[in-house]
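Each remark here refers to the structure printed beneath this line.
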Amino acid sequence: MPSKKTDAPKQSEAAGTQTPDRANTNAKLQSLETFRSDATGQALRTNQGVKIADNQNSLKAGARGPSLLEDFIMREKITHFDHERIPERIVHARGTGAHGYFQSYGNHADLTKAGFLQDPDKITPVFVRFSTVQGPRGSGDTVRDVRGFAVKFYTDEGNFDLVGNNMPVFFIQDAIKFPDFVHAVKPEPHNEIPTGGSAHDTFWDFVSLVPESAHMVMWAMSDRAIPRSLRMMEGFGVHTFRLINAEGVASFVKFHWKPRQGVHSLLWDEAQKLAGKDTDFQRRDLWEAIENGDYPEWELGVQIVPEADEHKFDFDLLDPTKIIPEELVPVTPLGKMVLNRNPDNFFAEVEQVAFCPGHIVPGIDFTNDPLLQGRLFSYTDTQISRLGGPNFHQIPINRPVAPNHNNQRDALHQHVVHKGRASYEPNSIDGGWPKETPAAAQDGGFESYQERIDAHKIRQRSESFGDHFSQARLFFQSMSPTEQQHIIKAYSFELGKVEREHIRAREVNEILANIDLKLAAAVAANLGLPAPKAGTVQVKGSQLAQSPALSQMNHPGSVGIKGRKIAVLVANGVDAASVDKLIKALEAHSARPMLLGPTSAPVKATDGKQLPVEASMEGMPSIMFDGIVVPSGKASTDALAASGLAKHFLLEGYKHLKAMVLTKELATGLGLKEDKGLLLADDQKAVDAFVKAVEGHRVWEREAAAEAVPA
């Protein structure tokens with residue numbers, strides 16, 4: 001039975017050494033050991049190593065006299081405190097991260113000479129940072145936004161950073177427009193509102209004037225923008241990259257991360273409530289999953305396009321606002337990534353980690369995607385100001401496990417004591433070291449792909465980038481009816497927040513009407529605007545009418561209800577046998593049942609024993625759970641039926657389409673009818689049906705009935 005920790009720790013918990021994930025290690029984690037610090041059993045000292053006798057009082061002239069400037073202990077402490085904060089990331093400021101490893105499924109030497117993709121026995125350390133885009137460090141986790149999905153591979157050949165998102169496209173095609181887009185989506189400059197959202201005039205003014213954003217905005221208005229968990233979202237490299245094998249043969253590829261937990265989202269009402277009830281909902285979910293041993297896992301795959309097939313599609317592979325539909329080019333699995341250890345210190349690891357798309361290794365190379373080309377500059381440039389200079393690669397979390405010797409010297413925060421007299425190349429003084437490494441099939445120096453280029457310098461967008469609506473239409477028409485309704489409601493909500501009617505009308509008439517007239521008409525009706533009769537441009541036909549891979553409904557996952565949080569509501573008089581039976585049944589499926597009571601105090605079961613609860617129903621409301629069960633016990637269910645808090649908990653769970661196990665009397669009292677996910681018993685048959693309903697994430701068939709519930 002779950003219980004709270006009540007004893008004070010005998011050892012320091014600063015490093016979290018008591019949790020199972022701390023036993024997991026790899027080459028990168030071992031290298032970080034040099035920099036870890038645990039103060040257990042140590043004297044309090046100044047930064048200069050002087051022991052401190054009194055850390056409670058500043059040095060004064062008499063007990064009530066003036067403080068003295070000579071108090072070097074106070075001055076050091078206050079000065080350091082005054083400078084603890086560093087500039088936050090311009091975008092993706094709000095984030096969290098974890099350590100883990102990548103393991104290739106086999107030898108992919110036919111595709112690339114990158115060493116970490118050639119040995120199935122090789123464990124490559126990784127560090128992953130997930131983030132939102134718009135909001136500052138203190139913004140909410142559950143806002144409607146793109147999620148960053150950045151992975152740093154610490155390979156034997158150097159660091160490889162795959163800096164992607166949970167959506168496979170972006171808002172713009174050329175990096176020169178990135179400052180304009182970010183200025184538009186960020187809080188408006190006159191009042192710094194809104195925080196963490198795009199439902200405001202400047203964003204919709206920009207995207208309604210920039211049709212290339214139409215496809216990405218469709219993704220942002222879908223359920224993909226409000227993931228249930230960071231563990232339950234896909235990741236994408238966004239751009240087309242090249243993989244090159246030892247023979248110099250290149251292939252175009254798109255990178256994909258497929259979560260074993262499936263692709264699942266919050267409901268919009270849940271997302272808004274969670275932003276207030278638990279701002280840290282998603283980072284807490286990731287932390288607790290790893291701490292409990294429910295290690296998140298993704299499969300890395302690539303869509304492979306031979307160079308000879310570059311132009312066989314009705315879109316341009318270099319256009320970052322386009323996908324390659326998986327029905328045209330299936331995803332080839334390469335390996336798996338497992339996140340199995342939480343950071344020891346958030347600032348040192350998550351805040352100071354520096355990703356850059358330009359961090360690649362032999363066997364991987366860029367393409368001429370104009371957004372990617374700008375990112376190659378921007379990421380390094382921003383780290384220099386954010387992390388205090390060009391030596392940010394020496395920060396422990398950023399250091400490669402591969403050795404790095406070169407002639408880059410000095411600058412702010414230099415940590416390396418370089419030996420020798422020659423800091424240039426070639427030299428004869430230090431034996432010519434360090435020396436270049438010729439390119440080779442294995443363990444060679446990096447060699448850029450020898451792409452032939454014959455062109456005039458010109459500021460012009462390729463005509464092949466000109467179709468802005470066919471893939472947005474493909475996305476919408478690939479959604480289930482439920483997902484389509486969520487998109488309609490999202491557009492209506494966001495545009496309903498826009499103050500200027502001409503912006504709302506322009507988005508409906510010049511963007512949505514070119515995607516789908518039914519979509520445009522539905523949004524127009526919700527905004528009180530006339531429905532457009534036709535689009536404003538001739539939209540190209542797509543090679544596909546639908547792409548089933550785009551619908552989340554087709555990505556249920558492969559781990560059942562492992563790691564899913566189930567609320568078990570109890571009050572005094574609960575049947576102990578029923579509780580025990582339900583807990584054991586859920587734990588058998590590796591779910592995480594949690595006992596919740598009217599308060600945080602233990603409840604008395606029918607056998608006379610005190611049952612400890614993990615939280616109160618007020619402290620952990622229904623929006624934090626994937627399912628709800630109520631054990632039998634008349635006194636307990638009567639108490640819940642009489643509690644406004646419990647009734648709200650249950651009605652809200654029903655409204656949010658959660659799977660539920662209730663007594664018949666309790667359901668009748670709440671006015672709820674049995675359905676595929678509302679079971680009116682606690683026997684094994686009901687538990688089995690409950691598990692199946694939780695696997696489906698929501699009881700979608702209930703959505704129409706749930707609209708009438710006022711929770």
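Glycine too: its Cβ is placed from the backbone N, Cα and C atoms.
Per Swiss-Prot, the features are as follows:
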ACT_SITE  H92  active site
ACT_SITE  N165  active site
BINDING   Y379  heme binding site
COMPBIAS  1-10  compositional bias 'Basic and acidic residues'
COMPBIAS  14-27  compositional bias 'Polar residues'
REGION    1-27  region 'Disordered'
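What Swiss-Prot annotates, mapped onto the structure for a quick look.
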residue: H92; record: active site; Cβ within 10 Å: 22
residue: N165; record: active site; Cβ within 10 Å: 24
residue: Y379; record: heme binding site; Cβ within 10 Å: 18
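Of the recorded residues, N165 (active site) and Y379 (heme binding site) place their C-alpha atoms 15 Å from one another. If you measure from the Cα atom of Y379 (heme binding site) to that of H92 (active site), you get 12 Å.
Secondary structure at the residue listed as 'heme binding site', as computed by DSSP, is helix.
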